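Undergrad: Below is a structure I'd like to ask you about.
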Amino acid sequence: MEEPSPDQSATVNRWFRRLPATLSPKNSVLAEISGAVGDLGTYIPIVLTLTLVSHLDLGTTLIFTALYNIVTGLLFGIPMPVQPMKSIAAVAVAESTHLTLPQIAAAGLSTAAVLLILGATGLMSVLYRYLPLPVVRGIQLSQGLSFAFTAIKYIRYDQDLVTSKSGGSRSWLGYDGLLVALISCLFLILTTGAGDSHNGEPSSSESHNGSESRSGRRTRRLRMLSMIPAALIVFLFGLLICFLRDLSVLKYLKFGPSKLHLLRITWEDWKIGFVRAAIPQIPLSILNSVIAVCKLSGDLFPDREASAMSVSISVGIMNFVGCWFGAMPVCHGAGGLAGQYRFGGRSGASVVFLGIGKLILGLAFGNSFAQVLSEFPIGVLGVLLLFAGIELAMASKDMNSKEESFVMLVCAAVSLTGSSAALGFGVGIVLFLLLKLREFDCSSCSCFGFHKMKPESDAEEEEQQQGTLLLA
């Protein structure tokens, strides 16, 4: 392959230097683009389900989420994801009486109002500052494992997205067969490994042992593999399968964006949307969309940690802009950030690339593109979701003491069993306080109203000790 000339490299570098610092790629451009599709394993199934069941306009959602991606990439400087509000989506399609589009919008606006108030008043920052780390790690672990469990279902079983239920075991052959999913999974493992970077040089000990050349070859090979935009290739492979499965989808494509129109939300819509969907969504948004994503951003990008105030306000403003026009309620999510980082996203440029792609599709095909997405192999989406979930769960590896691990695991177990991050959060907080109370030293301060007087001098302390000995 021909190497770029020095003049070409200098031109590219000068072009990138003109970009805002938040959009300057921290990785290769292909790696940033590959990272951009890292959260589509969550995005596509939820958006497609809402489109089929609740008549969500895909074109409108693509355009608004594209604008959100571009703005958040510019403001945060990290691959900050824009994902569906999962609890609202689950309620909208899972219950016997599906939510209407105005009711979904009302739920999103109600949740956004709470997050906007918490962020603007600084209460979210206070919560983030004093929340115990083991509890946060428990929420992240439960969310990551939940993604992984869902991904395994996508891979192993046929899925009915309309009813959100699994069918029989997936066949080995076919365009959406188990073999296609396994090939995609093996390709991602071989190219990205466990998600570690391989930019380091051989260690001095290896050089002294005469293994420098062997280690150097291994490092170069791993570096070359990591430069492959693996997630992008898998996504394009799935997109190709869409057309191979049913070429007739091409005739359903219509050029031009969807027409924007304001939703008419009645008082009954507000009441139903808030009670049925916003109430379960609010704690999930606070914990996973703000607290967990800020903590994960600090772990992955120590010099660019997102503030709880800015993330909370961002979620509020996004939904106050788009929900009135029927766009899907969205938030930021730790799982999406983990997935985009896992596949190469290192800067705001990653989500800007994703936003540009969504904007092109939304403006070019509008709601008709849903016919193409309906043919996307669910097993391939499951593979992308699996890697994103495992990456998020691995954020909990820094729990070093047995006490921290105990709190984290109990919090995660309750969250998974009860299908409620709020329940796991409450149990985790109570458990953390009980363990701290157990270690509380009553002899050093007031305990049950009695005070231990501290001697004013060493001589007085010695005199008290002598008095104690005489009494004995």
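Any Cβ shown, glycine's included, is placed from N, Cα and C.
All TrEMBL annotations are machine predictions without curation.
If you look up TrEMBL, you'll see 197-217 marked as region 'Disordered'. If you look up TrEMBL, you'll see 58-78, 104-128, 134-152, 173-194, 224-244, 351-370, 376-394, 406-435 marked as transmembrane segment.
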Undergrad: Would the transmembrane segment (173-194) count as touching the transmembrane segment (406-435), i.e. at least 3 C-beta pairs under 8 angstroms with sequence separation of 6+?
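TA: The transmembrane segment (173-194) and the transmembrane segment (406-435): touching, no.
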Undergrad: What stretch, picked from 58-78, 134-152, 173-194, has the most CB pairs under 8 A with the transmembrane segment (224-244)?
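TA: Out of the listed stretches, 173-194 contacts the transmembrane segment (224-244) most.
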Undergrad: State the non-local partners of the transmembrane segment (173-194) in its own chain: residues 6+ outside its ends, Cβ under 8 Å from one of its Cβ atoms.
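TA: Tertiary neighbours of the transmembrane segment (173-194) are 155-156, 222, 225-226, 228, 230-231, 233-234, 237-238, 241, 244-245, 342-343, 377-380, 382-383, 386-387.
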